[in-house]
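Asker: Would you mind keeping the following structure in view while I ask a few things?
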Amino acid sequence: MDSSMENNVKTVRRSKEEKKVLRKQLKASHTLLKHEGISTAAQPTKSLVVANGGLGNGVSREGLSAALKEMGEVEGLVMPPHKPYAFVTYRSEESARNAHVHLNGQMIQCGDNSVTLYLSYVESVTHEEQTSVLLPEGLVLVEDFVSPEEEAVLLSAIDWSSTNDDITAQKALKHRRVKHYGFEFRYDNNNVDKDKPLPAGLPEECLPVLERCVSSEHISMMPDQLTVNQYESGQGIPPHVDTHSAFEDTILSLSLGAKTVMDFRHPDGRVVAVVLPGRSLLVMKGESRYLWTHGITPRKFDMVPACDPQSSARSRPDLGTQSSLTLSRRGTRTSFTFRKIRHEPCRCAFPSACDSRGAPSTPSPALPPSPPTLPCCRADAARLEEEYVHRVYDAIASHFSSTRHSPWPRVCHFLASLPPGSVLADVGCGNGKYLGVNPDVIAVGCDRSGALIQICAERGFHAFVSDALSVPLRTASCDACISIAVIHHFSTQERRLAAVRELVRLLKPGGRALIYVWAFEQEYNKQKSKYLKESNKEHQGNHSPTSEDSQEPHGKSSIHISSHLEDSCRPDDSMTDVSRVTDGKLSVHTNRTAFNTQDLLVPWHLKEGKKRDDEESGDSSKKGKSKEKNKKTSHNSCSASSLNPKTDPSPGSGSRLDTSDAAHIPDCKPSPSGNTTQTSSSTVKSELESSPAPVFHRYYHVFQQGELEQLCAQVNGVKVQSSYHDQGNWCVILQKDGL
């Protein structure tokens, strides 16, 4: 081949590559407009939007900035939290044109992943100003509390070579290593053996640090109990409150090694994310110690400020709004949690969360805590759902996901009926099992559980954390919505109605929504649901923990409710008046039996081998990641899998934004002889592998026949296209009125 022909061939190849990049670029622009409302410009400007170049798909500020700076002087780089795109503004239009030409279609390496960038011009860049949030009352973070030399001494004082050390009560937990000094923290009862001090007291290497804590008035008395936890990258701890009756007020947590982000959550739904740098001391007193839960989401990267801004001791940058963020890869973190054993009952100012006043704290079969009551105001509703829905699903996420793998046929049929290119929102997507059913639609999911959304992300699905009552998508932006086993987790009629209205808001005119809720009538047309049928396969009193009762939606709870909730949960006049509570208290349902109340608590028994690690002294550990392969299920697989009698009979769960399935789950082991021991979300703590499987309780409102249709009829601008009963679930398909 002569040189001229060879040059022509190369020219053709470049032309094809350029056309491919152009197509991808245009597609990215359309996606940004459709999902984010970002309009691109036809003519060059100094600002560009970088598709695929965001924190949401694993691109760090440092990695993206390095590539952008090669094209010219960068004036500003905005990376919105959790978004898969970024904005760059150059000093000159020429530099922007240079980036547009040379970076389009280029691949950059981000840690272990590589991403391809697609750039488009935008007229202007708008973003929220960086804000600060107040830390929980009583919480203080002291950075650089110990020196690098002291850190090395403390870490070397911990001998991890022993696998089972009675002197320090070392245990080999499933997802981390732990040692106790002074007294052992027991994960079977979430308390301390106060009459059995350990042979080894606190390491003498800790004394200088503790004396400094006392002299600095971070704590008034010397601690006598220490728990050391070591977390590898990707490990975390579930939300929890350290047992009131076990320890005195102040808790000290010293973070050594890698930095991490700890989430504090108030019962009313407020969340404050706190960055814990290496060598920092976290002091928890008062409200932050007794009322707020604290936990760490298991992941390998944290979203943190690109540079630590100057902030007061009482406020920190809000990681949910600021744009000067980057990704920090987690390394090994070792926490030293110091506490003082309490020998008298707790007399704190927070009786609703205090086990000394009867609030639930331990899963004791002999003395179950008093069950909650139905809410009478919106604050009560938020607290109930936070405690008995949100925290529970965060705690059981990995085990729950392992039982949710087979899409339901009638849900698949609805998804398969959507025209190619349709935009689908799965509100309460759980582990995302319906997001890959129809590959020809643009599917996005959301769920209240960050742990379940992490599983979705690992499977390659587009999903984000959101409340089902306030989904951050544009009005009339979706061709279809599904809500599978979500709405039955809302504890008042107003909140259930608000959830339906939010689905309708998202729909375009003519769009359709499919809703599944758990049915009070588990026997319909003289046929029992698989949920009840499974009871025949169990021994008397041995009931599987999941089932449609496992239609585990994450009842998504939002605190944005209007109107008083008094008597809001009563069925409509046309419904049978079913007794729902006893003396105002919610009853605990016996799995795989018929319902006798509409509002109840349904047990979830963590399967053996799927248990979470226990909560640690000051750090409660979160269940590890699901070992399922990342698989997207096509709609063709639905019918086959649905014929398997071992698949879930109920569709999906979904409330928190949800979890996805509701019916019987054969892979879950039965609970011991009908034990209905109550474990609230504050007991969402893990256990040693040798301990009995913990039991968690989730709130449900099971719907009577006709109740779901009557609920939907209260929403303007939508009609019930069809309704049906499907394996113990009431289901409707809604259609929004056309223009």
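The backbone N, Cα and C atoms fix where each Cβ goes, glycine too.
Quick paste from TrEMBL:
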COMPBIAS  563-573  compositional bias 'Basic and acidic residues'
COMPBIAS  606-622  compositional bias 'Basic and acidic residues'
COMPBIAS  623-634  compositional bias 'Basic residues'
COMPBIAS  635-657  compositional bias 'Polar residues'
COMPBIAS  658-667  compositional bias 'Basic and acidic residues'
COMPBIAS  679-689  compositional bias 'Low complexity'
DOMAIN    46-124  domain 'RRM'
DOMAIN    222-342  domain 'Fe2OG dioxygenase'
REGION    306-326  region 'Disordered'
REGION    534-578  region 'Disordered'
REGION    606-689  region 'Disordered'
Asker: Can you tell me how the residues of the domain 'Fe2OG dioxygenase' (222-342) break down into helix, strand and coil by DSSP?
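Answerer: Counts, helix then strand then coil: 5 helix, 62 strand, 54 coil.
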Asker: For the domain 'RRM' (46-124), DSSP counts of helix, strand and coil?
Answerer: 22 helix, 29 strand, 28 coil
Asker: Can you check how the pLDDT averages out over the domain 'RRM' (46-124)?
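Answerer: Here the predicted model's pLDDT, averaged over the domain 'RRM' (46-124), is 89.
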